[in-house]
């Protein structure tokens, strides 16, 4: 007796790149004994056995059901509009990494039931590959060239070559194709040049370049001495700035204190010499208008009432003149020229 048979002979394993399209085949033949309704179902079996199977798309009772999961809606569909023709193949557009898994096609038409499993692997092309240099680029040093792709499905493979000069890498170099590291031992000036790295997997490649410049060793001692001298100069400049700032601050503080000590509302004291001179000047003016009629009143004026310390003491006697009733003041102390004062004798004459 004949029964329902899946006739797909295509390979059961597919590898595709991300963003591409794949068709998972599932063709079948019905027998005369299969009289029940046709039922076609695609199921995704996760790699983790702890997770449940997911129904992706289904054909039943002459209708397609594809609204089970939002992430696959509009990306997965039957290859034929009418699967009853014997073709229940599945098309998946714009492949993503999460589409990787085992897909099972189940065809049912009572009493016949058949199924087929297909393994799909979605690979990501290498992308955002970066090249770098690790180690000091000096003669005699070991230098490591690194190449890493930020994206890409394993297994990734890396390969290095020189762009400038000969395309062969130095004979002493060691390449690790899995990590992308190229070790250059005991580097010399001839190692300088542009190096090119190619990252690849089964679905694509990506590239990057780096420039290597091997130079003589740097004079470390000169650098240290220069750094010390520069530090000392910097400290001396800083100390000078601090000293000038403190000095200026002290000067401002002193000027402020002196300004507060001076009282502008108190007049300066009068000197004694100016008081005595003003008094002598007034007496001189009175002597200029002296006559026999007012001489008597003038001689009675006591000179001991002059408001100054210079007139408290009596002048010493002068032997060159006869003693009179009025003693002339000592004008030499006051810085003035002595003045001869006339006196009146008993007979009324002026001497």
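Heads up, the Cβ atoms here are built off N, Cα and C, so glycines get one too.
Unlike curated entries, TrEMBL annotations are predicted automatically.
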Task: transmembrane segment per TrEMBL - which of 221-246, 247-272, 273-298 - done: 221-246
TODO: May I ask for the residues of the chain that lie six or more residues beyond the transmembrane segment (221-246) and have a Cβ under 8 Å from a Cβ within it?
DONE: none
- [ ] Could you break down the residues of the domain 'Ig-like' (2-121) into DSSP helix, strand and coil, giving a count for each?
- [x] 6 helix, 56 strand, 58 coil
TODO: Tell me the residue counts in helix, strand and coil for the domain 'Ig-like' (126-215), as DSSP assigns them.
DONE: 3 helix, 50 strand, 37 coil
Open item on the list: Considering every residue in the domain 'Ig-like' (2-121), what is the mean pLDDT value?
Closed with: 88
